[in-house]
């Protein structure tokens, strides 16, 4: 008889996993397999069940039914500690570092002595091209650097199964390239990677196998090469997405007591004029934004975009220069006064600085009004406000008192936008609005931002996704090392030009530009 070679079992096999919360089914008998040396991409809309499934595999949540096997052996009563011992590590979408500990302490936290090798850590950092100061507190890092620290924690643990939840959402193209190189090195060692992403080109570049989740089940699964991009999108969003908000949504979205309608609707004066502003992380910034205009702010991580936004909002002090909002100098104003004047900021990290995760949805959506009016709340009014934004933004939730942390990432982002809109902005600063958001929710957010601009709100749009910047902005300012390297509009706005300018090149474009923000504006580049 011919000798038959036994096929080795999968690295990870999940069979019949189901889960429900408060009677709501979120996972429906899921089967999922990961082979050694394989990247298995996981796609799905916000709320499809991706994060819940991964939390079950990582031991954070128990399944209601089903079996998890690793190398053919069943894993019962998984906990995070037991999962780590088995070589399963989840790198979360939102970094969960200890803010007061150093970068090095975070990377080595609770590592067994035989794994806490500083030479190995230094080599991994070199492989990733990281130049982090290991002695600084993790809380002082930008989100992209915090994400790299989370990835380092997984790599240091010699993980056999590495679950990456939107790992490139805040990374530059160069950082993404280095991360992918490191992943390929791990694959050669037999490590299996679950790669959760909404960036379809990255999935095609990296993943051997893809599964698409929808409504708590697997809607599509197979070799990545067997499916077109349209196949994947249709599996995620079976109902065709409309190209714009419906008339009904626009009606619900109309800003209450729109400041622009109340004041100089026909004024040609800019909503905001920034003149020679300097502060921590940036210098000599000058630009202005008109009512109804979307001004893109592009640049690599560390260029000073978030620092500039936080200074405009009053979270950081300016060292020199002036900020004029509607002809009023707000440079010395506190944040609360700027908010009352109509300057509203949607921060990059929605969980750390944007939303109160354990507070009810209805309270969160009116939180900026609470800041202005005190802590006395009006539950009926809050419920009506939340219902209005639910209809306008298609926010999905079960009940008004539901804690924010129970929402999917895309619905959290929509709630944060609703919170900012309820403050009735003249100027809305939006920092990375689609980070970690799926294809359909991203489209919703784009249409939402355009509809806000149509109501004559001025918008500063900050994003690391250059295609997104080109798609959304009327003009783009490109920052490099804390200064504006140039301004682009019209046909001159393209990803290639922005990328080169973000890395410090002065390119020949149709719009005049200068080496500093002041010179760019004086030449008409930002007028």
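Cβ from N, Cα, C; glycine included.
Swiss-Prot lists 12-240 with the feature domain 'ABC transporter 1'. Confidence in the domain 'ABC transporter 1' (12-240), given as mean pLDDT, stands at 87.
What Swiss-Prot records for 44, 45, 46, 47, 48, 49, 50, 51 is ATP binding site, and it gives sequence analysis as the kind of evidence. According to its DSSP assignment, residue 44 (ATP binding site) is in a strand.
Swiss-Prot lists 266-506 with the feature domain 'ABC transporter 2', giving sequence analysis as the kind of evidence.
What Swiss-Prot lists as region 'Disordered' is 508-527.
What Swiss-Prot records for 510-521 is compositional bias 'Polar residues'.
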Binding-site residues (44, 45, 49), the one with most neighbouring Cβ atoms at 10 Å: 44
